[in-house]
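Here's the structure, in structure tokens; my notes come after.
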Amino acid sequence: YKLSVSPEMDIMEYCRKEWRGNTPVAKRMRKGYEAVAQKFASIRRIRGDNYCAFRATLFQALSQATHLPSWLQSEDLTMLPENLLNRYDWIKQWQLKQKLGKKKGEISDEIKEYLILLRKKWKNISEIKHPIEKQEACDKLFKNEEEEYSLYEALKFLMLNTAIELYNDDKNGRRVPVFSWLLFARDTSSNPCQLMHNHLNHIGHTGGLEQVEMFLLAYALQYTIQVYRLYKYSTDEFITLYPNDPEEDWPVVTLITEDDRHYNIPVRMCQETML
């Protein structure tokens, strides 16, 4: 039994423990953590198992959720797996949590269950008014492995759906965000089918999210993901936004990374920052 999101720890205490030496890297990390500590008091470590970008983003989104996003309210959401499978036969090769070779019907039913679970959990947590109770509900959810991984499968499928929409928009001459070109400019993902086979199917199993896929996750959730990239301290990429031209009304979640592979979360905004 592993903790998915470990308890809070003072951010500078954590930094001193992790980065003791006097190497240039350690000095840069300490400076980075000092900058984060201007805004946030504590850090929570996220379990690293190739799902950490999902885990950190979803945990932060649920921790501050006050309502169910409109895309989660949509009637079409639960029909999405069936509709996509009817249009794109290759989605039959979607790799469910360590279960290979599912039949078409089973895949669509299973993903539908995951999407319904995501809606239910988001709705329940967003309705909790008291911050401490809300936090306890999030902690509890992220201690339930079966549910937790089901939610990541839902997120992956939403990313695939977003990728298909962007790809089709571009083909039909509609404007798409720049990251969408980059996503489909890779040799390994020149179309949504390749993206699924070579990237989405591997997330959580043999790899995590690449940078360009962080944009895709942000678009799928309609959230701005703000990341303190500590190894980029003192460059203009120290605080990176996915997407970099976010929609005004998208909520913002904040993550911390030391290397663009593993993500932790800052918590407890300092009082002066909130004013």
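Here the Cβ of each residue, glycine as well, is placed from N, Cα and C on the backbone.
Automated prediction, rather than curation, is the source of TrEMBL annotations.
Summarising the annotation, TrEMBL assigns active site to D49 (among others).
TrEMBL lists C52 with the feature active site, nucleophile. A sphere of 10 angstroms centred on the C-beta of C52 (active site, nucleophile) encloses 23 other C-beta atoms.
Beyond the region 'Linear diubiquitin binding' (206-212), the same-chain residues lying 6 or more positions past its ends with a Cβ under 8 Å from any Cβ of the stretch are 50-54, 179, 182-183, 186, 199, 260-262. Residues annotated as region 'Linear diubiquitin binding' in TrEMBL: 206-212.
Taking all protein chains in view, 11 other C-beta atoms sit within 10 angstroms of the C-beta of E237 (site 'Linear diubiquitin binding'). Look at TrEMBL and you will find E237 tagged as site 'Linear diubiquitin binding'.
When other Cβ atoms within 10 Å of the Cβ of H262 (active site) are tallied across all protein chains shown, the result is 18. The active site feature in TrEMBL is assigned to H262 (among others).
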Cα-proximity to H262 (active site), 10 Å cut-off, over recorded positions D49, C52, E237:
D49, C52
Non-local Cβ contacts of D49 (active site) (under 8 Å, 6 or more apart, same chain)?
G204
Across the region 'Linear diubiquitin binding' (206-212), what does the mean pLDDT come to, as a whole number?
91
Sort the residues of the region 'Linear diubiquitin binding' (206-212) into helix, strand and coil with DSSP and give the three counts.
2 helix, 1 strand, 4 coil
Inter-residue Cα distance where the pair is E237 (site 'Linear diubiquitin binding') and C52 (active site, nucleophile), in Å:
21
